[in-house]
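Contents: one structure, followed by commentary.
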Amino acid sequence: MFVSNAGWIHFHRPRSRPAAALYRQNGRLPWNRRRPRARRQNLETMRAVLEDWFGWDLDARVELDLSHITPHPEREAPNTATCYADSLVFPKESTNWPERLPGTALLWFRNDLRLHDNEALRLANRAESLLCVYVFDERYFFGRSRRGGFPRIGGHRAYFLRECVAALRQALRSRGQELLVEVGSPLELIPQLVQKFHVQHVVFSKEVTEEEVATENALVRTLEQAATQGKVSAAIQCHAVWNSTLIHIEDIDYALPGKVSPAPSTRLARASNGDPSSALPPFPNTFTTFRRQVEKTWPVRKTWKCPETLQSLPAEALSFRTVAWAGALPIEYPAEATRVGVEPPKLLLMRPFPDPRACYDFHGGEVMALSRLQEWMWQSRSLTTYKETRNGLEGPDYSSKFSCFLAHGCLSPRLIYAQVRNFEARLQSNESTYWLLFELLWRDFFRFTAAYHGNALFQRAGLRHTRPREGALGGGHERRPRSAVTRRREELTSDALLEAWCQGQTGLPFIDAAMRELLLTGFMSNRARQVVASFLVNDLGLDWQLGAEWFETQLIDYDPCSNWGNWCYVAGVGNDPRSGLRYFHPLKQAHEYDPNATFTKRWCPELFWADSALIQTPWKWGPKMQKAFRVTLGEQYPHPVVTLREPGRPRTASTKAQTPTAVKEQPNESI
Ligand SMILES: Cc1cc2nc3c(=O)[nH]c(=O)nc-3n(C[C@H](O)[C@H](O)[C@H](O)COP(=O)(O)OP(=O)(O)OC[C@H]3O[C@@H](n4cnc5c(N)ncnc54)[C@H](O)[C@@H]3O)c2cc1C
């Protein structure tokens, strides 16, 4: 496969296929250097053709090496050091870190898979030698969610994560370092490495959610125990570094567990159990209070640039650089997987078939993240219209698509901030440029909220500590005489309803389109997320935790704080100043955000012939209409699992009492 000077992508044909068939299939694809989208589509087609040749095992057997294709000049991956040189300056000292760390530091990469603005790396690099480690945590790869029993991590995210780790390893190698990759439990593996390489400092980025904090604390306990038994150095120290938010936890005046001042470089056990009963006020319940306080001064620290060279590997580790001991990026699950009796796991780290309808071709890694930042902000200048387009559903540029990179730590939120300020100073400052920062504050807010409320975020009662209404059929329902359709709803069990929702088979085209997009690509727009979440809670009357768990499985950009925080919010158990559930009427939302039904038809192609004005209410189609639209309900497309009240019709007194508040956008509060 190569790109000719004329800009055509040529495929070599595998010999095993008849030449005529292949020629029809591949031929030549135009690769227009001036049109990145066209190029992307061609690359997608190319991938699809290759997938077809090699079947579903493409990624396992053949690594698509596109590096020899000359990159499009506009899409060229920027070099962190040069491209953003003016915003990447050394920040004020974050904490009271020591100038030097004696001995070897082990840097455990978690959701901070980048070199730029990575404070954990910065601290670890002060040691005499540095050992970088990433562990594919078996708990997520083999585990199941608590209520729904879904896999904790699905194929889309697993593949993206693998790309992020591969890119990190590449970046470290280019600076004379190495990334040791392991699969298993960090609680077992890290102490082993500490012992083997005589590590004195274990450095990692601080997380805030239940499981991750439990892991951190357990690791500290294990190391302390090992130290008392003489297995590891008695001077072993753990350093948990705050690394993930726009606003540093130390720079907001709220009492939060995890606040580490005044002595951050102490044992984690002391550090992570900050005292919430200190003199500082508690973290606010509402976003507005938090935002106003932050916006008074915007205390965003400057970003930190990674040095060109890093400390060397410990002497004992130098030998593993060229041997398999450095760990292979797992394409398939390790043999031990069969021991725990999980289903064939090899699919999970492989990319599901890349759907050419996806709004964006997500690839993990720091370079891809910086490239996206460059492309979206500076080249297409989509930032200038972000506020107007952010509720879109289709295409790469209606929103930034930064979330996937932020969730895995390939992109620093402070770098985005610096770039926005740069953009405002050089090109344009308007409501849209502000709004991106506003959304990043929502991300921070959910993270601090998770830190403050701890486990409550994952409980059914959420942050309100009140029980949500049990199985209530929300405000979308009209009390009508029973029809065939409403009977169907009653006959369906909760499991069947959940299954229909997850698979995009509810019979409500807009909902199905969004859920199929999630299933097939691992991404869904913010607007669609709100609508499908509201539908699950209010219209299907299902437990919101099941929805949150399904999102956890599917989303590439899964972030426990943003996901569970938003779900709590929609389910009415979060920190929404308005009481009650938030209701997004699916029909109203469809008419408003997908008026021509292009999004719906893209993901529900069986409804392609349906009239755009009628497509959202298939239960109203009589036999003649079904014939005209070339679809038979119950065959090509399912009957709806619920019937919905027409939007805008006044509610009766009896339904009013039960119904959740329909969402009326409040510009200063809406997410
Ligand atoms: C039910 C539900 C579940 C969600 N789960 C996740 C999740 O697991 N991970 C995740 O990153 N986001 C989640 N979100 C928030 C939001 O939908 C995504 O961040 C956004 O769609 C990502 O696309 P983008 O990067 O193009 O967003 P943009 O509109 O370009 O926003 C820029 C950035 O701001 C932040 N942001 C925007 N909206 C929100 C929000 N509502 N809450 C928190 N941060 C926000 C994100 O970091 C995002 O990357 C969820 C929203 C809902 C309603």
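The backbone N, Cα and C atoms fix where each Cβ goes, and this holds for glycine too.
Per TrEMBL, the feature FAD binding site maps to Y386, 399-403, 439-446, 557-559. Residues or ranges marked as compositional bias 'Polar residues' in TrEMBL: 652-661. Residues or ranges marked as domain 'Photolyase/cryptochrome alpha/beta' in TrEMBL: 103-246. Feature annotation from TrEMBL assigns region 'Disordered' to 265-284, 641-671.
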The domain 'Photolyase/cryptochrome alpha/beta' (103-246) [mean pLDDT, rounded to integer]: 91
Candidates Y386, F445: member of the binding-site residues with the richest Cβ shell (10 Å): F445
The one of W442, Y558 whose CB sees the fewest other CB atoms within 10 Å, among these binding-site residues: W442
Least surrounded among the binding-site residues, given as K401, E439, when other CB atoms within 10 Å are counted: E439
For the domain 'Photolyase/cryptochrome alpha/beta' (103-246), residues assigned helix / strand / coil by DSSP: 61 helix, 38 strand, 45 coil
Contacting binding-site residues for ligand 1, chosen from Y386, E439, W442, F445, Y558 when the Cβ sits under 6 angstroms of any of its atoms: E439, W442, Y558
W442 (FAD binding site) - helix vs strand vs coil (DSSP): helix
